[in-house]
Amino acid sequence: MVKDMSGWLVTDLVSSRQIPSQQDALGGRHQISINNSAALQRLTSKYYWSAPEAYLGNKLTAFGGFLKYTVSYEVPVETVDGDLMSHADVIIKGNGLTLSTQAEGLSLQPYEEYLNVVRLVPENFQDLNSKREVDRDQLMTVLANVTHLLIRANYNSAKMARYRLDSVSLDTASPNVIDLALATEVEQCECPQGYAGVSCEACQHNTTGDHCEQCLPGFYGLPSRGTPGDCQPCACPLATASNNFSPTCHLDDRDEVVCDQCAPGYMGDWCERCADGYYGNPTVPGDSCVPCNCSGNVDPLEAGRCDSVTGECLQCIGNTGGPHCERCADGFYGDAVTAKNCRACECHRQGSLSAICHPETGLCDCKPHVTGQRCDQCLLGYYGLDTGRGCLPCNCSTPGSLSDACTEEGQCHCAPGVAGRRCDKCAHGFYAYQDGGCTPCDCAHTQNSCDPESGECVCPPHTRGAACEECEDGHWGHDPELGCQACNCSNVGSASPQCDVLTGRCPCEPAFGGRTCDQCSLGYRDFPDCVACNCDLRGTLADTCDQEQGLCSCAQETGTCLCKENAVGPRCNECRAGTFALAAAAPQGCTPCFCSGLSQLCAEAQGYMRTPVTLSSKQPRLHVVSQSDLKGTTEGVYSQAPDVLLDAVTVRRHVHAEPFYWRLPGQFQGDQLTAYGGTLRYSVAFHSSHGLGPFNLEPQVLIRGGRARKQVIYVDAPAPENGVRQEHKVEMREDFWKYFNSVSEEPVTRSDFMSVLSNVEYILIKASYGQGLQQSRISNISMEVGRKAEELPPGRAVAFLLEKCLCPPGTAGLSCQNCSHNTTGDHCEECAPGYYGQVTGRASDCSPCSCPHGLPASFSPTCVLEGDHDFRCDACFQGYEGQYCERCSTGYHGNPHMPGGSCQRCDCSPHGSVHSDCDRGSGQCVCRPGATGLRCEDCEPRHTLVESDCVCGYRSPKRFKTLFPLRCFLAVVPCGVISIKTYFILTKPCDDACAGALLDGLDAAGRAVLPVNLTSVIPAPHGTLSSLENTASRLRAFIFRQLDRVLARSQHVSRATERVLNRSWDLVTFTEKLRTDIQEISEKATTLNQTLDEDVQLPSSTFWNMQRNITSLLEILQKRHFLHLHQNATLELKAAEDLLSQIQTNYQKPQEELEVLKAAANGLLSKHHSEVRAAAELVREAEAKAQESGRLLRVVGANLRELSDQKLRVREEQNLTSALSAAGRALLDAAAARAGAAGEALAQLERHRDELLLWTAQVRRHVDALVMQMSKRAALDLVYRAEGRAAELQTLASALDRHVSLNATSATHVGSNIQSLIEESEKLAKDALGTVSKAYTVSGALLSNGRAALQRSAELLEEGDSLSRRHQGITVELSELKSTANRFQENAGKVTRQTSESLWTLRAIPEGIRDKGTKIKELAASANQSATSTLQNIAGLSQKLLNTSTDLSRVNATLRETDDLLRDSSVTSRSWSPFPFGKSASCVHSLVSSLPPTFSPLPILALLAGRKVKDAETQANLLFDRLKPLKRLEENLGRNLSEIKLLISQARKQAASIKVAVSADRDCIRAYQPQISSTNYNILTLNVKTGEPDNLLFYLGSSSGSDFLAVEMRRGKVAFLWDLGSGSTRLEFPDFPIDDSKWHSIYVTRFGNIGSLSVKEMSASQKPPPKTSKSPGTANVLDINNSTLMFVGGLGGQIKKSPAVKVTHFKGCMGDALLNGQSIGLWNYVEREGKCHGCFGSPQNEDASFHFDGSGYSVVEKMLRATVTQIIMLFSTFSPNGLLLYLASDGTKDFLSLELIQGRVRVTVDLGSGPLALITDRRYNNGTWYKIAFQRNRKQGLLAVTDAQNLGYKETKQGETPGASSDLNRLDKDPIYVGGLPRSRVVR
């Protein structure tokens, strides 16, 4: 029971404020009280008494007990404002829950004392917030850790009320209290290993966690082993509390202790050192680290600011010093502690003795005759402060000086006419010094110069002339007082002894210099020889040279010139290795070789000239872009030669960011290395609202380029004036360019500049200036590049500074920028397109692709290597196919394999061909009927095209002129009907009786006319006919034109006009026919001319008549006017018919003969020609066949040889196959036999495993019972009582020694022997107790190791049979052992009783030694007899144990014998004597009983008893030695069992981690056995895809009761069913069928007897509200255990299921399943039936966290900006070292890493010019979640680490990366690794 009335406070439920209560002592009772008015000033109107610590914490033993308290209050009598109040009487808070009493609050009257009793049971409490009833679990949860116990304080609203509380008691249960009421409601749980408390709510052995799986803070170790010593206290550095400076520690990877939360001021793995700013020695007990006292004058962030042992301050700041920075440092003065204003002494260096002044006043210690605060002044009458020896006396002449003071040079202030340093002589122009005065000279002609003594007039020294106005020869510098100075010209170097009279400079010989020519001039050395230095002006330092003279100085002795950095040689005329192009303009003399980083050997390229690259005439417009929009636009850009201008208003519609830039076109991109040293020129002008603006500060020119690493560089230039054109010239050298987006102002390095030029991506020239841009112009754009030239054209400059490198194999180009030998790639590591092979460095590595021939007959631009030497063309042109593009594709014809061959498109006519394919060789298309030609594009004779077909005869409304052939027209006219008006023709078939006959005749006439020669010598008819033909043609054309015009303009012509038109068309037809006839006549006439030699004579009269008629006809035709065609047509027709009649009459017969001859000749020629062609074709075919035959013969021969070889190999292979088959069959038979044996062994092992599982439960029950018995018998208390008894025996022995008066010596010996025997008895008792414990431990180990042996070794199965046979005999032996143990226990009890009697006897000795001696002797004899009997029994037991040790080793492998042994052990422990020191007492009693009256035999008896006890110990040790082999067997079996468990655990873990969905098709059953137990809540999540309306998705049922959980589908809808033992309930999610073959998530929650169900489609963003229901009854715990099987997707038929579940099958996919927040692991099933498969496409919810065990990693692809990086991640770990994140680029050395180093977070980032490392001071590997935030803005980096739970803690580090690089260059596809790296990854 808890009773404590001290420490009570008053508080409310709203605020955290608390008020102390007042203690009242009334009637001996301690009450507490509170005044209502005082409480209401700080609390709300409802406030409570808050219990002190005694009532808080673990109060599980209070469950079912009573909380009792007495309350009362009083109010003044005059109070009128008081009303009774009512609210909860008792409130308990704990573990996140707040409970209050359910009953209405007390209604207490003033001055009424009320005893309230509240029983702590669930029905008396409710949830304070929800007002719901609570169950036992909730109340127990609160009692497990009570944080607040509140008792209602106020009962009345009266302001002046005073409330009292008294006699608060809380019942708690205690196991050691007797004679009190039993706490029947308090549970006493049987806790597993590592747990303690009545409800197993506490962890043992310094462990903690939900499963006691962690060591308590302040302890370290491996708690999973379950032993008391698993968690040891942290020693940081010592285990004592005074020197333990870390609350937590852990084991690192090396199993060493690491203290991970050293207190402020401590550091080291064990907090063994003092941190910066602290001193002390934590390893010395009582010592600690205390802050260094540096008076606040050190930098707290500076490391090593004080000595860590002595505390002496080492890095004082603020000009302070001393052990504690308590004073100003030497050389400073002021207040170092308070004002902190230590200032420099500033003592004069020459005037003070030292730089140290007085530390407070600042007065310096001065040298002699020096004064002032800083010793910076001389005393009056002294000078020479700067001499360093103090001030010297002026010693001024008293009469000649004006005062004692003098100047710093010691010059006294003289009186007029007096001079000299001391004013002791006359000045110039005075003489006769006396008494401080002088007489003026009277020498005006000598510049007032006279003798200082006599006053005689004299000239100044070295002057001459009447007035002493000029210098003597060899002198210069005339001065009226001092005279002239000597020239002193060098005799060697000067040309004359006379110098310039004004400057004194002598005229020097060549190579000499100086005022007196006494040294060598610039460019010469070694005076007086003065030989030339001959330094090369280009390589010599500029400050040693005169650029105008072209001369440089050198070392006077060696003549070595001072060279620039890259120039070498005595004369600086050579370039250092790795440089080239010695030039005076180069700051380093020579330019470093670039050579693309592949070579260091180069020279200046010769024969190159500067050629400008300009815009072409086809590029009138440029793109306008911005820095963020590099594509830009040409809208608003116009060309006004020579300018290109932009309209800003238009451009802004397309480019939304400014400033605008002109982007130069393609000829300015790519490889521009030869532009180095050249100039980029352009002219710009702009018009803006204001000439000044922010855009003027933007870069003028931007260039981006590079190969492996892209960089942007820029150059600045002053902005032009608004509206004024300005020329710009940009030098293409690195000195003028800077890095863009870099905080550094350093110029670009040459290597970076050349890298950019090697692959220019773009060049941008600024177009925006000022503010409010309106228009911008650019013109005269040119960039000078180097071009090879044999001769230098006029006006062109030589291209200097171009390097020509000695390139390694495989590269080419001036700077090795190109790949040679047909290679490509950043490092020329691949073959170029059009080539194949493996690049190894040889010129022949890459061979050209022959597809199927070399260029230009290669029909694929690229090919790839296939195998070691072959290739495949991978980009065949359209129309080609095959490995080498050697065949034509479908739709193409040709033979590309033949030289000059190619594939041509078949191009078959879509109308005339059957399909688009053609013959591969000839290209002949497959024609439709009636079509002909290579492409079927023509119609056969007498056929014409009708729509898409060639037909003979048709009826089609087509235009006559367009579609009807002339030859068919002539044949059809007589048979058809022509409609002139509509231009449509209706004809009959061409091969009918009418048209066919005409066509046949026309063909015959054509064949007859073809041989006629109309080119004979007879010209008469030929010219006339030709003229007639031409005239007829012109007439025909004219008629057609007139007709078309009339038809087009006259739509409503009269019938008369229509008849005229009809006749006109008749005339046209006739005229055309006439022309044809005339032509035929002319041809026949020509033929007739050829037959004149054959005596074919024409009558001359006929000929002349014909000529005359034709002439008249032509004249008539020429004179005819076709407007009168309707009048003259008849006459002309008649004349033509007459003429035709005459011609037919005169030429009919010769024509017929000619036709016969022509037909015969043509037939012969045709026949001959066809025969010749057939013969040639046959010859070609024969040749081809002959060649093919030869080739085939060669192939056949080779094939025959190969066939023969193949036959031999086949025979060999057949023989080998036969042998292997025979061996294989034998192996298969053996394997089958072994497989069968293995199967049988496996089945037998499984049977034994099942038996072992059954025995395990029984053994566990025995072990638990044994443990409970040992606990109940309080063995530890018995040991303490035994030790106390031993102490009492020792006291009695001492008393016996004091009171023995007779035979004192013997009594003394007796006392000492008794004491020694008592000590030995104590030792034996302790050993016996330890032996019992060991025996129990060995028995338990034997049991577990026996189980492991059954699983590990099948060999023990054979021994099992023999053990069974020997079981009966062993059982008999064990029975004997059991009876012997019983006798041993009886004897031990007897010895105990006798010892007790002996002790009482010994206590009585002082009263009468003589009388008690006899009793002692009798007792000793009795004890001796009992001890002897006991020793005999022990000896017999030992012998029997020795005889059965072999059998016991076999019994270890049999569970039945082990169970018997444990049962016997249990019986033995239960019958064990409650007084463990009975043996010792028995020995003492026997010894005393055997004493004679004179006590003389006592020593001998004591010695005998001791020996017997030792003999018993020896026999026991022999027994333990025999048990040692069993111990070794136990250890071996334990190791084997541990390995098996580890393998099983790993396999289970891998199976559970598989994320592939499972599928079933009604016949698949999977059973699982997760680690679950009975609980009052369950949370289930299922991801399902199915098209089946009825399914069983989940089933979990108790094997012994009716409890179950199930999720099923009925008619497509999901239902949740459960039964907790008091009735089943079904909860269906309505109106949401899921049988649509889509993935859905099902969420099931059960808390007590309340269940909820929610279903949503996985692609949906929102989760619908859940449906809830409540099961009947009060049961709220699902009765299951770890052996309960769970089914996901279907239920086995042999499993007992609830009748409420209607469906037992499942068809579909199950993506994931989670029970109580843990993944079930769908592939980690324990049983499976039917055909089960996997299901692809399982949706996996993206997990935002990763878990790593040190062997894996995760890969993420994410695009990051180059200039800015932001990384935020949370982590939790106990490991001191680990990689959190790593990202890098394969092409550059840029990388970023986040890692743990000794528990500290370190960020390392390298942007290409050196790493930046930020590391925290504190360690973060303590298992807490921390948040890392790293931000990088260009070069600036900031690291922040915060506690994810405590946002108030934050540690930051920041820094800047070195060098000029500011971008993190990487590709978007470069991976980001989280948690580790693959082994193949190279870490930078």
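Using the three backbone atoms N, Cα and C, a Cβ is placed for every residue, glycine included.
C203 (disulfide bond) is surrounded by 23 other CB atoms, counting those within 10 A of its CB over all protein chains shown. Summarising the annotation, TrEMBL assigns disulfide bond to C203-C212 (among others).
Annotation comment: TrEMBL describes C316-C325 (among others) as disulfide bond. Taking Cβ-Cβ distances under 8 Å and a sequence separation of 6 or more, the neighbours of C325 (disulfide bond) in its chain are C294, S295, G296, N297, V298, C313, C316, I317, G318, A336.
According to TrEMBL, the disulfide bond annotation covers C328-C342 (among others). The Cβ of C328 (disulfide bond) has N319, T320, G321, G334, A336, C342, P359 as same-chain neighbours under 8 Å, each 6 or more residues away in sequence.
When other Cβ atoms within 10 Å of the Cβ of C364 (disulfide bond) are tallied across all protein chains shown, the result is 25. Residues or ranges marked as disulfide bond by TrEMBL: C347-C364 (among others).
Residues near C375 (disulfide bond) in space but far in sequence (CB under 8 A, at least 6 apart, same chain), listed by position: C347, H348, G351, S352, C364, D365, C366, K367. Annotation comment: TrEMBL describes C366-C375 (among others) as disulfide bond.
Under the heading disulfide bond, TrEMBL lists C414-C423 (among others). The Cβ of C423 (disulfide bond) has 25 neighbouring Cβ atoms from other residues within 10 Å, across all protein chains displayed.
Among the features that TrEMBL reports, disulfide bond is placed at C487-C499 (among others).
Long-range neighbours of C506 (disulfide bond) (same chain, six or more residues apart, CB within less than 8 Å of its CB): C487, C489, S490, G493, S494, A495, S496, P497, Q498, C499, D500, R515, T516, C517. Taken from TrEMBL, the feature disulfide bond applies to C489-C506 (among others).
Under a cutoff of 8 A between CB atoms, and with a sequence separation of 6+ in the same chain, the neighbours of C508 (disulfide bond) are G493, S494, A495, G514, C517, S521. Annotation comment: TrEMBL describes C508-C517 (among others) as disulfide bond.
Feature annotation from TrEMBL assigns disulfide bond to C563-C572 (among others). Using a 10 Å radius centred on the Cβ of C563 (disulfide bond) and all shown protein chains, the other Cβ atoms total 25.
Look at TrEMBL and you will find C906-C918 (among others) tagged as disulfide bond. C906 (disulfide bond) is surrounded by 25 other CB atoms, counting those within 10 A of its CB over all protein chains shown.
According to TrEMBL, the feature disulfide bond maps to C927-C936 (among others). Cβ neighbour count for C927 (disulfide bond) (all protein chains, 10 Å cutoff from its Cβ): 22.
The feature domain 'Laminin IV type A' is assigned by TrEMBL to 3-188 (among others). Each residue in the domain 'Laminin IV type A' (3-188) has a pLDDT score, and their mean in this model is 85.
Here TrEMBL flags 189-233 (among others) as domain 'Laminin EGF-like'. Here the domain 'Laminin EGF-like' (189-233) has, by DSSP, the following mix of helix, strand and coil residues: 3 helix, 14 strand, 28 coil.
TrEMBL lists 292-344 (among others) with the feature domain 'Laminin EGF-like'.
Under DSSP, residues within the domain 'Laminin EGF-like' (345-393) fall into helix, strand and coil as 3 helix, 17 strand, 29 coil. Taken from TrEMBL, the feature domain 'Laminin EGF-like' applies to 345-393 (among others).
If you look at the domain 'Laminin EGF-like' (189-233), the same-chain residues 6 or more away from its ends with a CB under 8 A from one of its CBs are 58, 60-61, 140, 144, 173, 239, 244, 247-251, 257, 1264, 1268. Of the two recorded stretches, the domain 'Laminin G' (1743-1884) lies close to the domain 'Laminin IV type A' (603-804), with three or more CB pairs under 8 Å once pairs fewer than 6 apart in sequence are set aside.
Tertiary proximity for the domain 'Laminin EGF-like' (805-848) is limited to same-chain residues at least six positions away from its ends with a CB under 8 Å from its CB atoms, namely 593-596, 598-599, 601-602, 605, 671, 673-674, 707-708, 754, 758, 854-855, 858, 861-865, 871, 1787. With respect to C212 (disulfide bond), the closest of these disulfide-bonded residues in Cα terms is C563, chosen from C423, C563, C906, C927, C936. Long-range Cβ contacts of C414 (disulfide bond) within its own chain (separation 6+, distance under 8 Å): G400, S401, L402, G420, C423, A427. Within the same chain, residues at least 6 positions away in sequence whose Cβ sits under 8 Å from that of C936 (disulfide bond) are C908, S909, H911, G912, S913, C925, V926, C927, R928.
With respect to their backbone Cα atoms, C906 (disulfide bond) and C203 (disulfide bond) stand 90 Å from each other. Residue counts for the domain 'Laminin G' (1743-1884) by DSSP state, with H, G and I taken as helix and E and B as strand, are 0 helix, 63 strand, 79 coil. Under a cutoff of 8 A between CB atoms, and with a sequence separation of 6+ in the same chain, the neighbours of C918 (disulfide bond) are G891, H893, C906, C908, Q924, C925, V926, R935. A straight line from the CA of C203 (disulfide bond) to the CA of C563 (disulfide bond) spans 81 Å. Counting residues of the domain 'Laminin EGF-like' (394-440) by DSSP class, helix then strand then coil, yields 0 helix, 22 strand, 25 coil.
The Cβ of C366 (disulfide bond) has 23 neighbouring Cβ atoms from other residues within 10 Å, across all protein chains displayed. It is C572 that, of the disulfide-bonded residues C342, C347, C489, C572, has its Cβ surrounded by the most other Cβ atoms within 10 Å.
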